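Here's what TrEMBL has on this protein:
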{"type": "DISULFID", "residues": "39-51", "note": "disulfide bond"}
{"type": "DISULFID", "residues": "46-64", "note": "disulfide bond"}
């Protein structure tokens, strides 16, 4: 396996882990308005309480505003 294939495998494993996290998530998150909300099954729960599409996880764009959707292990490079 070359480095690009390894990076691709790591990316998809992280994506799967995030999706599983979203599915299993029962913890309520606090939004910026102070109200508690739950992200949907297809969303990623940011540390700041914002919900973003799970597909935006590890896409090299800080969609959360707190960079919690772009952890250090992200290896995806922009197209």
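Residue numbering: from 1, along the chain as shown.
Just so you know, glycine gets a Cβ as well, placed from its N, Cα and C.
Distribution of TrEMBL features across the structure.
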residue : record         : CB count, 10 Å
39      : disulfide bond : 21
46      : disulfide bond : 22
51      : disulfide bond : 18
64      : disulfide bond : 20
Residue 39 (disulfide bond) and residue 46 (disulfide bond), Cα-Cα, nearest whole angstrom: 9
Euclidean distance between Cα atoms of residue 51 (disulfide bond) and residue 64 (disulfide bond), Å: 8
Secondary structure of residue 39 (disulfide bond) (DSSP, helix/strand/coil): coil
In three-state DSSP terms, the structure that residue 51 (disulfide bond) belongs to: strand
